[in-house]
Amino acid sequence: MELTTRTLPERKHIALVAHDHCKKMLLNWVQRHQALLEKHNLSATGTTGNLIHRETGLEVNAMLSGPLGGDQQVGAQISEGKIDVLIFFWDPLNAVPHDPDVKALLRLATVWNIPVATNLSTADFIIESPHFNSSVEILIPDYPRYLAERLK
């Protein structure tokens, strides 16, 4: 597939997702980095987003809970270019009923080449990167060209 560029803005749209056993870890991470995160637009799956808002006061667009379609909502927004960064603390030691949705979410984040953190270390690397508070160009699939080729 051909690629094109997309600009991630200075004020990023960040999706925050955490499985049940990881919610406390994500909440602690958000609290540690609250001063940086409040400069960005935050979205989250339902329970996670409501917990973050309740504990920090940060404005969070809370979607549905992951098992009820929230992971797929985040994935759709990634495909539409509406999410710039995904922080997803998933639990590798416990299966969840919506494992296919989890795989799909991670696949879409990879297809659309957005920064993804699945653990504390990577989340810290992303938020401490000089790119976090500046605009940056990324390569993404050139969907209009892809579609035009398929419709020939």
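Please read every residue number as a count from 1 along the shown chain.
Every residue gets a Cβ built from N, Cα and C, even glycine.
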Going by the substrate site in Swiss-Prot, where His19, Lys23, Thr45, Gly46, Thr47, Thr48, Ser65, Gly66 are listed, which of the candidates His98, His131 is also part of it?
His98
Let's check the environment of Ser65 (substrate binding site): how many other CB atoms sit within 10 Å of its CB?
16
Including all protein chains displayed, how many Cβ atoms other than that of His98 (substrate binding site) lie within 10 Å of its Cβ?
19
Which number gives the other C-beta atoms within 10 angstroms of the C-beta of Thr47 (substrate binding site), all protein chains shown included?
18
